[in-house]
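Below is a structure I'd like to ask you about.
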């Protein structure tokens, strides 16, 4: 009989969001008249902006003509989109990025999960705790993490706790880590990193010979002009960091699928013999081998995001979600909850009341208020006793959810 990859058996039972779905379904089946409000998974609710839709319609019509048909495109992405990405997201901030340093993909989740393939299995990873589960689970699948202990932590992962005590600003790894995962604005805590703190991270990575995997999927929600939107705003970051970006939350592409990864050519690793190798070239080889590229229609829609009218429309949507965040945050504070995040990110991180465990509060919130959120413990051991609410709901649902919570 063919053997399996036993690393999959090391995964904790059930991915966080399917488990939420299972519990919600069980409750819904037993309470069919319940009006459940979902503020859990970070899926957007507003439709695609008109400028994006029009661009995709035009692209679809192009594809229906002999002269405008596009078959396989460049796996790394079409130049028309990459040039807009560079001009808007980097050149405008004084950062120089070359076209062949940008890789367009169908989502940051895929990129964050797949990037570990170009690192040695001996590489030690460090993650902030609580953490987006994909960073950990994909390394478990690869065989890099060892076994999970009774405390929920994997033996070969360096955990960097982000707690109320350290203002959710984790200390540097206590032992050398080859790969450091950072996410700002942070999922799940909603916190951000200042320029001074990011500078410290870049300097630390240089000193230790580490690589930072910087997940910047929520940068468009930053309201404070003093907070960096890209790690490359920090001098020297191109020598130590890769950056993950997404159109999912920025422009409502959760169902359309488009993102990009920046890997500077200055970013190098080494072989066992000490030879330097470009991570850019390794990823290019991996990307072109395993990925056929994002569709032409989708990339034309993404290009429209950077048009003048496209920017107006997506900023209106971002403002809508951030107003939701404000309503959630203020409503929870009024109800007596201890709350974090929600000012430069679409996530609100709250302390569970009465010392409840995260899943206990999940069940209480669902059973009493018919509101669904995300248990903090699902993001790691340091998330126990916390809970995440998302600002991506419809306004009327957000208002109703807060009213229900305040009555609990």
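Cβ atoms here come from the backbone N, Cα and C positions, even for glycine.
Sharing the record's features from Swiss-Prot:
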type	residues	note
BINDING	15, 42, 109, 132, 187, 292, 388	substrate binding site
BINDING	72, 108, 109, 132, 187, 218, 246, 247, 248, 257, 292	pyridoxal 5'-phosphate binding site
MOD_RES	249	N6-(pyridoxal phosphate)lysine
Out of 109, 132, 292, the binding-site residues in the record, which is closest to residue 72 (pyridoxal 5'-phosphate binding site) when you go by Cα distance?
292
Hey, how far is residue 132 (substrate binding site) from residue 248 (pyridoxal 5'-phosphate binding site), Cα to Cα, in Å?
16
Counting across all protein chains present, how many other Cβ atoms fall within 10 Å of the Cβ of residue 187 (substrate binding site)?
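Result for residue 187 (substrate binding site): 25 neighbouring Cβ atoms inside 10 Å.
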For the pyridoxal 5'-phosphate site made of 72, 108, 109, 132, 187, 218, 246, 247, 248, 257, 292, how many Å separate the two farthest Cα atoms?
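Pairwise Cα check on 72, 108, 109, 132, 187, 218, 246, 247, 248, 257, 292 gives a maximum of 34 Å.
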Rank the binding-site residues 15, 72, 132 by the number of other Cβ atoms within 10 Å of each Cβ, and give the residue at the low end.
72
Within 10 Å of the Cβ of residue 248 (pyridoxal 5'-phosphate binding site), how many other Cβ atoms are there?
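Within a 10 Å radius of the Cβ of residue 248 (pyridoxal 5'-phosphate binding site) lie 22 other Cβ atoms.
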Using only the Cα atoms of 15, 42, 109, 132, 187, 292, 388, which the record gives as binding substrate, return the largest interatomic distance in Å, rounded to a whole number.
35
Rounded to a whole number, how many Å is the Cα of residue 187 (substrate binding site) away from the Cα of residue 248 (pyridoxal 5'-phosphate binding site)?
14
List the Cα distance (Å, whole number) between residue 248 (pyridoxal 5'-phosphate binding site) and residue 388 (substrate binding site).
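With the alpha carbons as reference points, the distance is 19 Å.
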Whole-number answer please: how many Å between the C-alpha atoms of residue 109 (substrate binding site) and residue 249 (N6-(pyridoxal phosphate)lysine)?
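About 12 Å separate the Cα atoms of these two residues.
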What Cα-Cα separation, expressed in whole Å, is found between residue 249 (N6-(pyridoxal phosphate)lysine) and residue 15 (substrate binding site)?
21
Taking only the Cα atoms, work out how far residue 292 (substrate binding site) lies from residue 246 (pyridoxal 5'-phosphate binding site), in Å, as a whole number.
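Residue 292 (substrate binding site) and residue 246 (pyridoxal 5'-phosphate binding site) have their Cα atoms 18 Å apart.
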Around residue 249 (N6-(pyridoxal phosphate)lysine), how many other C-beta atoms are within 10 angstroms of its C-beta?
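Step by step: centre on the Cβ of residue 249 (N6-(pyridoxal phosphate)lysine), count other Cβ atoms within 10 Å, giving 25.
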Might you list, by sequence position, any residue in that chain lying six or more from residue 246 (pyridoxal 5'-phosphate binding site) with a Cβ less than 8 Å away from its Cβ?
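Spatial neighbours, sequence-distant, of residue 246 (pyridoxal 5'-phosphate binding site): 107, 108, 217, 253, 258, 259, 260.
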Just to confirm: which same-chain residues, 6+ apart in sequence, have a Cβ under 8 Å from the Cβ of residue 42 (substrate binding site)?
187, 249, 346, 347, 390, 392
